[in-house]
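Here's the structure, in structure tokens; my notes come after.
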């Protein structure tokens, strides 16, 4: 209950930030450009004599003239004034405006729902299945989900403010608000990735008893913790003062910032390496297991989803080329935004797949298989053995030699696993025979690999 109350508080906080982001709705001015822009257009056009001041079509289509006007504007105007000049020229020349805001928020909401659905099924598996105990991996997954919810939910307000539009169509104050939301999104993203991997590694510790794998798990957990602390601190203090991360974009707010592009690349590359290490770690042990074809396909599916997360991280690298270097951040950050809102929930889905399979095996035993059927068969076998025992007692009354009933029951249990596998139950009846009286030719030593 405390966790779900925390989720409600997060949702309320997101709504508050969303409401704050909608307070500034003044559109960018397109009626008249600032004086510095008009002077650049006039002086450059007259100096180059490439076009007449009255020929708007020539001024709009002449690439050389536009490049020189752009250099003049960036040299003589502020960043905010330059955006106003750009907005004026784009609208005057009839340049098409791009709007990908729907792509941003639809992707974020859809994968938020999928990630939450996977987590709810995971919780149901832990609560509904008696053998599925709630462990440290589940608690850590709760932390990852608590980060995923606001991270993906922010895709709605951030797209309404600016993300998906060209920056010259966005009011300068909305650009500041966009970068403020993007700053918090960045912190949530960097935190959710290593926390999800830590949950997966804790699950490995639960099911793999081999010493080498357990050591590898603890090493990777330590590396993920180090990743979390290092890049969270670097991202929080990327600018000094901190609010320079969203206020210094126009060069009017005094702040000193790190090379954010290099910081983004470093975080992405280290995350991909940790992804691959987490996926590769148990492959040898899984390969040595004797699994049915159905279970092999399920394992392949789970690891395919894991590798898909890594592929998304690699594809996201391409969008980092313009990260913190572009002059059109509200448009060029779209790819970074929607790939990130895919990566985090899919990682949570991958981490929840083993628990979901256990739940589905209870609902669809023919498709996924379940130990519950083994328990039912065991109950049926026990009743059959009772009936057989009663009949043997009746038949043995007329016999002078007593009969011995032997019930052999084998089970495999591990303190590292929740599953219990039931092996064959055998009923042997017959007269008692002293093993020492058997001929030596019938005696057979038991080898270590032979079942007893």
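From the backbone N, Cα and C atoms, a Cβ is placed for every residue, glycine too.
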*Which stretch, out of 39-58, 59-78, 79-98, 139-158, is listed as transmembrane segment by TrEMBL?*
139-158
*Between 187-205, 358-376, which stretch does TrEMBL give the note transmembrane segment?*
187-205
*Against which stretches of its own chain does the transmembrane segment (102-127) lie, if we need a Cβ under 8 Å and a gap of at least six residues from its ends?*
133-134, 138, 141, 145, 148-149, 152-156, 158-160, 163-164, 334, 337-338, 341-342, 344-346, 348-349, 352-353, 355-356, 358-359
*Looking only at residues six or more beyond either end of the transmembrane segment (336-356), which have a C-beta under 8 A from one in the stretch?*
103-104, 107-108, 111-112, 114-115, 118-119, 121-122, 125-126, 132, 137, 141, 144-145, 147-148, 151-152, 155, 158, 163, 185, 189, 192-193, 196-197, 199-200, 203, 301-302, 305-306, 308-309, 312-313, 315-316, 319-320, 323
